[in-house]
Amino acid sequence: TLSLTACLLKRGRPDTATAPLPIGSDFRKLWAFTGPGFLMSIAYLDPGNIESDLQSGAKAGFKLLWVLLGSTVIGLLLQRLAARLGVVTGMHLAEVCHQQYHAVPRIILWLMVELAIIGSDMQEVIGCAIAFNLLSSGRIPLWGGVLITIIDTFVFLFLDNYGLRKLETFFGLLITIMAVTFGYEYVMVRPDQGELLKGMFVPRCQGCGPSQMEQAVGIVGAVIMPHNIYLHSALVKSRQIDRSSAKEVKEANKYFFIESTIALFVSFLINVFVVAVFAEAFYGRTNMEVHDVCNATHGLHADLFPFNNETLQVDIYKGGVVLGCFFGPAALYIWAVGILAAGQSSTMTGTYSGQFVMEGFLNLRWSRFSRVLLTRSIAITPTLLVAIFQDVTHLTGMNDFLNVLQSMQLPFALIPILTFTSLSSLMSEFANGLFWKIWGAVMVLLVCCINMYFVVIYVATLNNIWLYVLAAFLSIAYLVFVGYLVRTSFDISLF
């Protein structure tokens, strides 16, 4: 079986973007490079991000928008490095890791990235299952929605047979659906624009406590996803570039960066829509207020909200219910359509990430069908069990844990991408300068500190000595492996 990238390059269809790039206006050139960045940006709009957004708005109002903005900018700079690696070397990040690392660390690195992909896939399954449940007014049970996601994933895979350009157009349609649905909620709620801009550009969180600080850390974990760096470095290979020409490589880097900037700007706006809706309408509200409104409007599942004066806690399921209670059934169904689009689009990009990672690290060629069957089976099993034997609160609660899991895997993408884009022997004149090396080192240190904060917060809730011991052992192993990757970076002359 040909690798995914090879398949994309060898189809030779006139409507794909793998044809020779056009000579002409800047807009025509940019259009020829458009696609990989928007596919990459879908990871910034998955159900885990949407849940992080609405919780940020409900818990902290507009005060954490600057964290979302900063995380998106950091994500853009990391995606720039990923795209440059693919453009300059003709290899994606997993292939370079296979070439540069020894067998044992390479296998461990592969397992860590696979863990991130499976965690992301679980979030997509959860999001789609909840969307089906909301759209059917509860007629489709959560476990039924989980099973439906198995079928529709394989249906979407057939789209790829019609050419890369058509697949990219379909993803563009899903992003448009998210922009329209969440934008509708934004216009309907009419957030305070002054408070929104203040929260976005003034980096402070006045009156914030541990809950808001934990949410700020969670935003970083939700926005910057490790497997997305591997994905983007592979997607840019779908464009034919003469790598012997420094001018053509430089031009490709420029247009891929412009496209990524536009794509992430769109994803940022959609995320802001969600944060602003819940910040304006539900920040500071109590369970009793919501319970009373849902009862008065005969809304679905008023029993989800305890009859007490504690601050409202929301997730992607309760978020839809609350919108329906306050703004009518249309708001609930439009919200569900947006969540469904987020889940479906993220499912496909996760599939491609998994295949690129497996091909690169293991030099193993699997069909996409086999790859999806394996990943989705692993992701479906725990999700289906929770959906059958627990309630929706436990199912959506998994998203918070999975965001933590994504954040924990970040160093296993950050360290390799920083290391290899700094190698002159690999990147030639396009290797990172001193500024990028220092910036990258600071990012790795920051992410590791955030992860240890997550571990301390999570372990404190376990209340079991054996779980404390297990957490300590895993933390030590985690830090040792991160230390090994850092040392390897210096061994191959990072600085």
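Using the three backbone atoms N, Cα and C, a Cβ is placed for every residue, glycine included.
Annotation source TrEMBL lists transmembrane segment at 64-82, 140-159, 171-189, 216-235, 256-279, 321-342, 373-390, 410-431, 438-459, 465-486.
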Of the stretches 64-82, 171-189, 438-459, which racks up the most C-beta pairs under 8 Å with the transmembrane segment (465-486)?
438-459
Most CB pairs under 8 Å with the transmembrane segment (171-189): which of 64-82, 216-235, 256-279, 438-459?
256-279
Counting only CB pairs under 8 A, let me know which of 64-82, 216-235, 256-279 has the most with the transmembrane segment (410-431).
216-235
